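Annotated in Swiss-Prot:
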{"type": "BINDING", "residues": "161, 182, 204, 248", "note": "S-adenosyl-L-methionine binding site"}
């Protein structure tokens, strides 16, 4: 089989939307090469530094690589993929010195190239995300989330995913009921289930994402707790008295439904919102307040922000 590698050079702020667009066009695998990851010298829990070199990363910004089966249909789609990515600027997503390149790769090369950037990521002292192909021995009481990052965005490496998981770890209580809006790979739903949630409703508008989430949920043996639904945000979701709503999506999307979040939450319920770039945090904060939510805490990692708010106790 012949494969094509789509390489996009863009900004860190654009990582999630670009990865989502590439996935929606049918990418079989997506890798994210961010120099910040190298500079952090991420160590695993045994003190080993993964053997990636400085030259594996771009000088600045982020390179996103996606792999597509080279079919006549894909070749015809190439201009549309580039146009869709460039149109992200209409949502105020900065693309930086946007570059879009398509290369041919052989079967063996594509199957391994994107995997070298994914290794176990320790999110908290209790939670570690492990790629499905990695052999990993957990310590006592360690929560392991297995993911196939090739299927949808949400691998655990992005700061917004990590911020959400840490917030879930802080706020989720045993037997809580959770809604995960824009579930992507299902990572936040799986984390919720493994932290003790009684039930989780995972929604995503994208059919590819819901299928990916279902596969990852089965991989983690949490299908008895998590229900996946293809749905636009919280539209037509009649659940109320929910303990936590979590949404790791773009700030512009969060602005569309804070009133729906308020209605879904029980008094005292928590809304964890991330996917918010720093310069848009104030706008989101004001929208949450206007919907009746009370800001509980704001956390930041790099340029990314998570806002934790609460429905007041009436």
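Here the Cβ of each residue, glycine as well, is placed from N, Cα and C on the backbone.
Since this is a predicted model, take the numbers as computed values, not measurements.
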Cβ packing number for residue 161 (S-adenosyl-L-methionine binding site), 10 Å threshold: 26
Cβ neighbour count within 10 Å of residue 182 (S-adenosyl-L-methionine binding site): 26
Cβ atoms near residue 204 (S-adenosyl-L-methionine binding site) (within 10 Å, other residues, all chains): 26
Cβ-Cβ neighbours of residue 248 (S-adenosyl-L-methionine binding site) (radius 10 Å): 29
